Each structure stands twice: as structure tokens, then as C-alpha cells.
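Q: Starting off with a structure, shown below.
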There are 2 protein chains.
Amino acid sequence: MESSRGAPIGMFDSGLGGLTVANALMRRLPTESLLYFGDTARVPYGPKSPETVRRYALQIGEWLVEQGVKCIVVACNTATAHALEALQVSLSVPVIGVVDPGARAAVRASRIGPIGVIGTSGTIASGAYAKAIEAQSANARVLSAACPLFVPLVEEGLVDHQATRLIAHDYLAPMREAQVDTLVLGCTHYPLLSTVIAAEMGQGVQLIDSAEETAAELEQMLIDRELLRDPDDARGHEPTHRFVASDAPQHFLALGGRFLDVPLTAVEYHVFT
Amino acid sequence: MESSRGAPIGMFDSGLGGLTVANALMRRLPTESLLYFGDTARVPYGPKSPETVRRYALQIGEWLVEQGVKCIVVACNTATAHALEALQVSLSVPVIGVVDPGARAAVRASRIGPIGVIGTSGTIASGAYAKAIEAQSANARVLSAACPLFVPLVEEGLVDHQATRLIAHDYLAPMREAQVDTLVLGCTHYPLLSTVIAAEMGQGVQLIDSAEETAAELEQMLIDRELLRDPDDARGHEPTHRFVASDAPQHFLALGGRFLDVPLTAVEYHVFT
């Protein structure tokens, strides 16, 4: 039996978006193994109700624990917003999400202006970012906007299309008018649209991607709980990464590399019945 | 125990799109009761694999039979393409889909040009329309194109947005170049974009919406199998329609009327576990 220090880090998302977080974890913690689950049979989570997203997240969290992960990163803003507390209460391993790290990075980056937050309908309706930012900085002003078409536009690869620019222009109008100085990309798909979003927002607006900050928080948590992989164990033994999807994995395999930024060679298939 | 003639007609879709078919059924068969299931917890079906869509369709079909329906209309092109045969083999009631009626209407409408078919990635990849059209008319030339963003654009209400026109312009370019004279709207969401699609295609191109033809096929099937509601039973007794969703029903209730074209007053909630 492997010690829990050598066990993989579990992580999940509704689909492919969380691979942007996996990429940040792999760069920051290069000796750690990952087990990534993408719920492609039920994607997207953004427009779905809190109850449904929570049910899916608990099902996946329990499965990851059965697979022997030493901790779980909820690499999806909607699932973090609706289910982080339920996962922390129910599961036997530590669980972190992407909202608190993103909120912390935003508060650090913002100078004077309001902080803007964009995300799925579910994330924005939950108010999770506004609460997390206000918990960090009681005087922070927060402006939120749902951008429900950004996920399908990214999933279809229209990251540099005039239609995407028009839709971004409409979605981001209230952010420009309020002169936010910091904009949280509160969905793991949105970093793939950062060129379009930055062009709409103009110079001087900082875009916050919570992936890096989440990787830093995870590292600290692993140190605090003595769960970092043992250097002696790691030496000479490459980490092993598993990617698992709930729908047939061809689409995940074809598109995943775009999010992960390294080639994907194999995707397993697991169905919840 | 109610006789099966008085039982409701079961129908299902991945979400709201099938309500355009429900509307056609209610107009053609005003004495019949409907039980409509929208799988809003797992919507959309269009980008998902045949195996996953078939699994969902069989689960819903079995549930509709348990609810006592006298027949089932698969009011979703993707589910028809991937699962109609499996449903017909497995279930104890007659099942019809929307692809054959749409194909028949297209063959009737086309004069000389090729027949165009647009639909979700799953419907187009299945080749179901091309097969159905060629079965009707061996010499028909068929050109198909997937339009994966049309469903999210409709679901977000962008039916008259410049971004939608730009995306439609790109998707429909091969149809214009091939000078199709008939274009099958092979997804139950697409009738809501018929103004944009007609403007892109230009005059003289007939748009085929399979809802009306499906209602006609259903009526004939009910007559042939002696399943039409008894006029004596119907007299003085209004039909009762039930609408059921797998996600929390607020979104369905809020948007459903746009598809059904009559107000929706109540939506029930059923979860598959």
C-alpha cells in the first residue's frame, strides 16, 4: 500500500476547462501525480441548478476518494460555488476550490477601482466571489456579470472570431462603464479568451486567472498537512497522470491538449449509473 | 384503470427544444394529453457520444412507459439519430422520431437542387438524415453541416443578435455555395432562428421544420393502431399536459413558453439517480 504522500492529487471539472488548472499544478508541483475527472457526459454545469451541480460533485468526489487520491482540487468555479462546503463536510480528504484563491489574487491586484467578476450563470448567481472578496477586504466594491456563451464559444474553438468579440463587447459593457481595475476570470474556460477580453477591457485592467493562485494554495496545504510527495520517492520516478471522462473520450482527447498546453495521450472512460 | 386510448402521448428532448414539437402536436391533436420530459440536468445532447445519448434516451423512455404513456415521440434530432432503433427494440409502446418525417418533407419540397441538412454535431456525424433522405429518393443529393453554437445561442435568447448572424453566415456558407433549394432544420431549437437562417440563405430556399410532419405521422400512427383518444371520452374533458424536467424547473418554467408558444404554468422535477 502506497503512503498517502505518494498518492495522486484528485481534481475535477464539468469538462475540459479545469485542464487550465491542471497545467498550473503540473508546473508548480512537477513531482506530483494527478487524477483528473472531466464530467463530459453532463457538461456544462454553468446553467444548471445548485442542487444538480452539488449532486454531481459529490458523486465525483466520492469516486475520486475511492480511487485513493490524497486531496481534491475542485477545478471548476461553478462546482466550487455550489458544492465546496458539501464536499468538505462529506469527504475524508482535504478539498480546495478555485474561488478563494481567485478572490485573494484579485484583492491583491486591485488598486482603487471596483473588482469585476465574470463567470457562468451559476457562479454569478451564487454570489460566491463577491462573498470571498468581501471576506478578504471589507471595503472592496465588486461588480459581477454572467457570460454564459463564453464556454460554448471556447468549446467550439471560436477564441478569435468576430462573433466572440461582439458577444464579449456586450457582456463586458457594464465592467468598462464601472471602470473596474481588476477582472476575475471566474471560469476555468475564460483564460482561453484572455486576448479578446483584454482587448475589450483596455490597458490597465488586470485579468485574474485563479489557476496559479490555486496551485500556490494547494502547495501550502500539502506542506501544512505533510502530504507533499516525498523527495526520495519522487527521485527517479516520474509522476503518473490519469485523465478520465464520463462521456466517450474522443472529444476530450482531441481538444484537451488546447487547455492543458501539453499533448494528451490517453483518456479513460468512467460512467456514473 | 384508464384505457390506453386515453393515456397521454409521451415525448422527450434534451431540454426545451422539443417544445416546438409539443406545440405542433397540441395544435394537430387538441384532444390528446401530453407528458413531456426535458433532460435539463444533462442538456445538451448534441456534442455527446452516441453511447451516452442512447443510455439517457433508454432511461427516459423506460420512465415514460412506467408513467403509462401510450406511445413516445422522440422530440430531439440527436436522440432520434442515436437511439430511435434502440428505443423501438426495448420499449413496449410504439416510438417515432423526428428524422424520417423531416426527411420526407424535404424530399417533397425539393425541386432540383441538393437538399441541405443542418443539425448538432451528433446528428450530422450520425448520417441519419442523409440515410433517411436517400431511402426516400435514391437520386437525392444531400449536403450536411453541423451548427453546434445554434443551441446555446437560442438557449441564451440571442435569436436576433449580430453575433448570431455572423456565426450563421459561416456555418451556412457551404449551403449557399452548393445552391441547396431546401434546408432541413435538423434540430428542434433551430426554428427559433428561422429568420436569421432564411436571411442568410436568401429567397427561394425552403426551410423544413420537422415538427408539423412529425405531428402528421403521429396522428396516422395513432389511427392505424387504434390509439387515438376516443371522441366520447374527449368530449367535455380537456386534455391534461404534464411537463417534467431533470434539473430544478425554474429555468424551464422561465424559458419554456418561448418554445411552446403558450404559457407554461407548472413544471415537475424528476431526477434519475
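Note: Cβ is positioned from N, Cα and C throughout, glycine not excepted.
Pasting the feature list from TrEMBL:
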- A:Cys76: active site, proton donor/acceptor (ACT_SITE)
- A:Cys187: active site, proton donor/acceptor (ACT_SITE)
- A:Asp13, A:Ser14, A:Tyr45, A:Gly46, A:Asn77, A:Thr78, A:Thr188, A:His189: substrate binding site (BINDING)
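Let's see these features in context: how buried, what's close, how far.
A: Applying an 8 A CB threshold to same-chain residues 6+ apart, the list for A:Cys76 (active site, proton donor/acceptor) reads A:Phe12, A:Asp13, A:Ser14, A:Gly17, A:Gly18, A:Tyr45, A:Val98, A:Thr188.
Residue density at A:Cys187 (active site, proton donor/acceptor): 31 other Cβ atoms are found within 10 A of its Cβ, drawing on all protein chains shown.
The number of other Cβ atoms within 10 Å of the Cβ belonging to A:Tyr45 (substrate binding site), over all protein chains shown, comes to 28.
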Q: Rounding to the nearest whole angstrom, report the longest C-alpha distance spanning A:Asp13, A:Ser14, A:Tyr45, A:Gly46, A:Asn77, A:Thr78, A:Thr188, A:His189, listed for substrate.
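A: For the residues that bind substrate, the greatest Cα distance is 12 Å.
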Q: If I take the alpha carbons of A:Asn77 (substrate binding site) and A:Cys187 (active site, proton donor/acceptor), what is the distance between them in whole Å?
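A: With the alpha carbons as reference points, the distance is 5 Å.
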Q: From the Cα of A:Gly46 (substrate binding site) across to the Cα of A:Cys187 (active site, proton donor/acceptor), what is the distance in angstrom?
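A: One finds 9 Å between the Cα atoms of these residues.
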Q: Quick check on the binding-site residues: of A:Ser14, A:Asn77, whose CB has the lowest count of neighbouring CB atoms inside 10 Å?
A: A:Ser14
Q: Can you list the residues of the same chain, besides A:Asp13, A:Ser14, A:Tyr45, A:Gly46, A:Asn77, A:Thr78, A:Thr188, A:His189, whose Cβ falls within 8 Å of the substrate site's Cβ centroid?
A: A:Gly15, A:Gly17, A:Gly18, A:Pro44, A:Cys76, A:Ala79, A:Thr120, A:Thr123, A:Val151, A:Cys187
Q: Does A:Gly46 (substrate binding site) have same-chain partners at least 6 apart in sequence with Cβ under 8 Å from its own Cβ, and which are they?
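A: Same-chain residues close to A:Gly46 (substrate binding site) (Cβ under 8 Å, separated by 6 or more) are A:Ser14, A:Thr78, A:Gly119, A:Thr120, A:Ser121, A:Gly122, A:Thr123, A:Pro148, A:Val151, A:Cys187.
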Q: What is the Cβ neighbour count of A:Thr78 (substrate binding site) at a 10 Å cut-off, with all protein chains included?
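A: For A:Thr78 (substrate binding site), the 10 Å Cβ neighbour count is 33.
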